[in-house]
Each structure stands twice: as structure tokens, then as C-alpha cells.
């Protein structure tokens with residue numbers, strides 16, 4: 001599939017399936033804890049400065065945000081999880097919204113699960129990966145903020161993440177930096193393969 005990634009726009013925000021776009025376009029969901037760099041990932045992948053707004057306040061994305069890419073596919077930005085300052089009730093509501101989308105959306109082709117290369121995956125990261133494996137949803141692990149770690153230590157951090165996730169070697173694992181754009185081509189290759 002040839003994609004003009006510059007031709008991208010935010011299409012709509014949805015709280016439940018009655019608001020989802022009604023068509024056949026394939027979707028790739030982006031999941032990760034608050035402040036893992038999801039907005040930066042979207043902006044880097046689409047060569048845009050601020051199509052997805054990066055927020056200094058984690059937990060800002062409270063809806064599913066659908067991004068139209070060249071009228072051929074969509075990114076779906078899922079609310080960041082694991083942010084402590086949101087009430088338990090609010091977190092449960094997000095959880096249900098995310099689960100409904102991931103388990104019932106026929107357009108969904110894969111989930112890009114973002115983790116921070118600098119840290120061990122959180123319990124939420126592990127739970128998300130296990131959830132995707134359980135429901136047999138194809139998953140691409142993208143380890144963000146690679147520029148914050150010396151290249152010589154990438155392997156060590158990658159191994160630690162894979163061990164904690166109990167990573168399935170048949171899944172894609174991509175080291176990514178929105179600063180240097182490292183991993184951008186690999187991420188697109190992995191995504192397009194899933195469409």
C-alpha cells in the first residue's frame with residue numbers, strides 16, 4: 001500500500017462504538033501508559049509537528065482519537081493508562097471503553113503497544129500485552145525514547161523489557177525515537193504488513 005503520510009488529519013474522538021467511523025478502513029490502535037510518547041510517535045510517523053497534541057499533563061486523552069491517514073487507514077489513539085491522578089471510577093470507564101474497542105472493532109488490524117525503553121514495563125504494560133495475546137490481536141511493541149539511552153545499552157534494556165513482558169519472539173519489537181526518527185521506517189514496515 002502506498003501512503004502519503006503527509007495527508008493526515010484528526011477525524012473524530014469517540015467515547016463508545018456508536019461514535020466510531022462507519023466504514024471499512026483498517027485501523028492500527030496505539031496503546032501505552034501516560035507520557036510514554038504516543039502523541040510524539042503519531043507526529044513523527046506522520047511527519048507532523050502537532051497533529052496529535054502532546055500534553056504536559058498525562059492522562060489528557062480521555063477518548064479514542066481517530067486519525068485519518070490518506071483515506072486508506074487510521075491510527076486510533078487509545079487513552080493512556082496508569083495515570084494515578086485520575087479517579088478509580090474514571091480509570092474503570094476508560095478500561096471498559098478500551099476493552100470494547102479492542103475486542104469488538106472489526107476494522108482493527110493490530111495494536112502498537114508503546115513502552116518506555118528506559119524503564120521496565122509497568123504492571124499495566126504487562127497486562128495490556130497479555131490481554132492482546134489472549135484475544136489474539138496482533139501486536140507490535142515499540143520501545144520509545146531510545147535517544148535518551150546510549151546506543152551501547154539498547155540491547156540490555158530491550159532484553160529486560162522482553163523478559164518482563166514474556167515477549168513472544170514472533171511479534172515485532174522496534175526501538176524508536178521521535179527525536180532522531182530511529183525506528184520510523186521499521187515501524188511503518190511492521191504496520192503496513194498488518195494491513
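Note: Cβ is positioned from N, Cα and C throughout, glycine not excepted.
Residues or ranges marked as domain 'EngB-type G' by Swiss-Prot: 24-195. Under the heading GTP binding site, Swiss-Prot lists 32-39, 59-63, 77-80, 144-147, 176-178. According to Swiss-Prot, the Mg(2+) binding site annotation covers 39, 61, on the basis of sequence analysis.
Averaged across the domain 'EngB-type G' (24-195), pLDDT in this predicted model comes to 91. Neighbour density for residue 176 (GTP binding site): within 10 A of its CB lie 27 other CB atoms from the protein chains shown. In this structure, residue 176 (GTP binding site) belongs to neither helix nor strand by DSSP; it is coil. A simple way to gauge crowding: the CB of residue 79 (GTP binding site) has 23 other CB atoms within 10 angstroms, across all the protein chains here. When the Cα atoms are compared, residue 145 (GTP binding site) and residue 39 (Mg(2+) binding site) turn out to be 12 Å apart.
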